[in-house]
Amino acid sequence: MTNHAPARVQNAAPPAPYRRAHPARRFLTQHAPALGLTLPFLILFALFGIWPVLRSLYLSFTDYDAISTPTLIGTANYSTLLADPRFVKALTNTATYMVGTSLLSTALGLLLALVFGGQRLSDQIMRACFFLPSVAGGVGLISVFKWLFSSEDFGLINTLRQWLSLDPVRFLGSPMYAVPILIALGVWGLMGYNMILFVAGLRSIPGDIYEAAAIDGANPTQRFWRITLPLLRPTLLFVLVTSMIGAFQEFFSFYFLFSDTSNVGGILDSGLSLVVYLYDLGFRHLQMGMASALAWILFLMLFALTLLNLKLGRINDID
Amino acid sequence: MRTPFAALTLSALLAATPASAEKLTIWVVGDETTPKILQPAVDLYKKDHPNVTFEVRAVPGDQAFTKYLAALASRSGPDIITGYLSYGIEIGKKGGLLNLQEKYPALVSSVRKTANKGILDSITSVDGNVYALPYDLTVQLMYYRKDLVKTPPRTWAELTATLDKLRASGNKGLVQQWGNAGWVGFFPYLKQAGGNLYDAKCTQATINSAAGVTALTYYAQLYTKYKGPTDGWPDMEQGLENGDYALGMTGNWSMQSIRTGRPKLAGKWGITMLPKGPSGKSTAFEGGSLIGIMSYTRVPDLAADFIKQLYSTRTTVAMIKGANELGTLWLPAGRQDLVTQVNLPADQKAILMRQLSDSDGPPNCPGWEQSGDAVQKAVQQVVFNGASPKAALDDAAKTMNANLSKYGK
């Protein structure tokens with residue numbers, strides 16, 4: 001047999017078995033330029049995004065007053081909080097506020113989108129009017145609500161009641177009205193924003209589906225329940241999840257309507273939310289460990305809520 | 001080539017930072033007016049110490065604590081801060097403020113001689129340490145409409161009799177603002193009844209004493225029977241101006257703001273001391289702010305020297321006058337004897353001075369900061385839920401005692 005292989009090959013050592021590079025190394029080799037470009041962002045994100053979150057997780061297991069060195073105390077902060085009546089009150093208020101605000105702002109946002117979703121000038125003006133509170137929010141909006149609901153005769157609602165020969169109501173000075181007023185304020189600020197999202201969602205539904213349904217004899221109610229609502233499900237889910245998260249994290253309306261120089265949370269904590277309580281613990285009482293624990297409880301609740309929402313969305317998908 | 005370049009760089013650096021120059025950074029709690037009130041003190045100090053530069057910045061009240069903590073965490077920021085009365089012991093005990101009693105005892109002892117006693121007691125810790133000194137003060141007063149109340153009430157009994165008359169004539173009676181339906185509002189009534197939040201040595205809560213129950217029973221009826229407004233911070237001045245209310249209780253700040261901002265009330269309003277309770281005292285609540293030196297400062301002696309100058313007659317008078325020109329009433333807590341320099345009509349000034357001599361600040365007992373909410377809750381349980389004053393105060397006392405043990409260690 002003649003060996004036809006070139007001498008160079010014949011003399012060479014047998015090839016090493018093929019070895020795949022380590023995935024991390026391969027990733028680095030493949031994406032080195034992109035990583036180089038994104039490195040400044042990644043460093044900043046790790047420093048100001050990831051590190052504070054991990055640090056707060058550590059602090060939640062410590063006794064820390066923001067000045068002295070933190071000392072590890074295990075899960076004591078969590079157990080103290082769960083047995084704390086102020087935490088329970090804050091949780092009840094926040095949950096009520098969240099349910100009321102997210103459901104009402106979603107329903108009203110959808111209603112407004114259905115009524116003013118058209119292209120006429122009047123629709124555009126109405127949309128702008130309803131959207132205004134969500135861009136002009138903040139302390140100014142809360143001040144207006146403070147005036148609207150003032151217990152005094154110069155409060156707008158009490159002035160109207162007086163014209164109708166009704167006694168004034170202590171809206172801001174009575175525990176029973178605190179959460180309903182906060183819900184009203186939250187819905188007013190949020191429904192216009194939700195309306196815009198729903199308008200976009202409605203426009204993405206193809207018109208020929210409605211035409212086909214109309215030809216088949218479906219009335220407007222049937223078209224809404226059988227076509228509009230199912231096809232709006234992604235928007236609906238997004239609006240609900242973001243409204244719930246926003247409501248859970250609300251601070252300013254609770255703080256500015258119901259806190260004064262000597263306490264936060266208003267009468268018998270009727271206007272105390274979880275975030276306001278977190279602020280109270282951390283920045284009025286220097287209990288940073290406890291405040292961090294509350295922040296993590298808040299995170300876990302929001303995470304569970306979001307998972308639940310997504311799960312419900314998927315169940316509908318399968319159906 | 002190298003040596004001349006290095007020499008040039010070094011001389012440029014030296015020229016940029018003269019060794020003798022020192023800087024004081026001061027953060028003052030309040031709006032943009034507050035640095036202006038301090039400015040005369042800065043100007044006078046700079047006149048005597050031309051090498052010292054200043055940076056004075058206002059910190060909004062609701063952000064102050066957070067900003068000070070951030071400064072402490074990073075050990076950079078102001079050398080001197082002003083803050084609410086609770087800041088001294090609260091931050092000082094944790095090592096955030098210099099212990100002035102230890103480091104500058106002469107300064108503390110000289111301020112002791114002239115300061116408002118109530119404020120000084122509030123900011124001296126139970127072990128005698130002083131982490132900050134009194135800066136300014138505010139005190140509760142009773143405001144009234146002269147045309148609706150001919151003789152302002154001088155006792156609890158006269159107050160309720162006046163309210164009965166006012167309500168019979170369709171007037172709403174009394175509006176309370178500062179600490180409305182809360183612990184600050186209740187505090188003067190407790191003192192006027194002869195009670196106190198804690199015993200003299202801070203060993204236990206005494207809020208649930210017989211005097212405490214008398215005070216809370218009386219205080220609650222101002223809301224339940226006499227229907228005082230319960231909003232967190234009702235607009236007292238508006239209520240007095242439109243005649244809805246004939247009597248109002250709040251801090252001294254309204255003396256100035258009514259004069260400048262309520263022309264319709266001109267000649268129609270007056271101030272009086274709070275009514276006397278069963279103990280015969282008219283004690284009012286005193287608040288205010290203090291001034292301290294951050295523990296990390298690199299110029300502690302300079303900061304202490306500047307603070308020392310604040311209490312000189314020349315500087316205090318200049319600050320009061322400066323505030324007068326700004327249309328603000330600034331009451332120096334460290335120089336009670338100079339409060340008379342404020343720009344007020346003689347009769348109002350006399351009443352203000354009398355009320356100041358019968359007023360008291362919040363307690364300095366350990367755990368009070370954590371217990372204020374419990375007292376607030378006790379007051380509100382009685383006012384809004386009709387709870388028994390004794391039971392509500394017992395609950396508050398329990399929390400206060402628990403916090404005494406917890407934070408008194």
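Note that Cβ sites are derived from N, Cα and C of the backbone, with glycine treated the same way.
The domain 'ABC transmembrane type-1' feature in TrEMBL is assigned to A:91-309.
Taken from TrEMBL, the feature transmembrane segment applies to A:34-54 (among others).
Per TrEMBL, transmembrane segment is recorded for A:95-116 (among others).
Under the heading transmembrane segment, TrEMBL lists A:128-149 (among others).
Residues or ranges marked as transmembrane segment in TrEMBL: A:177-200 (among others). Same-chain residues lying 6+ beyond the ends of the transmembrane segment (A:177-200) with a Cβ under 8 Å from its Cβ atoms: 93, 96-97, 100-101, 104-106, 108-110, 112-114, 116-117, 127, 129-134, 137, 141-142, 145, 149, 169-171, 232, 235, 238-239, 243, 246-247, 250, 253-254, 257-258, 266-267, 270-271.
The feature transmembrane segment is assigned by TrEMBL to A:236-258 (among others).
Remote same-chain partners of the transmembrane segment (A:293-310), defined as residues 6 or more beyond its termini with a Cβ less than 8 Å from a stretch Cβ, comprise 56-57, 60-61, 77-78, 81, 87, 237, 240-241, 244-245, 248-249, 274-275, 277-278, 281. Annotated transmembrane segment per TrEMBL: A:293-310 (among others), in sequence order.
Beyond its flanks by at least six residues, the transmembrane segment (A:95-116) meets 123, 126-127, 130, 179-180, 182-183, 186-187, 190-199, 201-202, 224, 228, 232, 236, 239-240, 243-244, 247-248, 250, 273 of its own chain at Cβ-Cβ distances under 8 Å.
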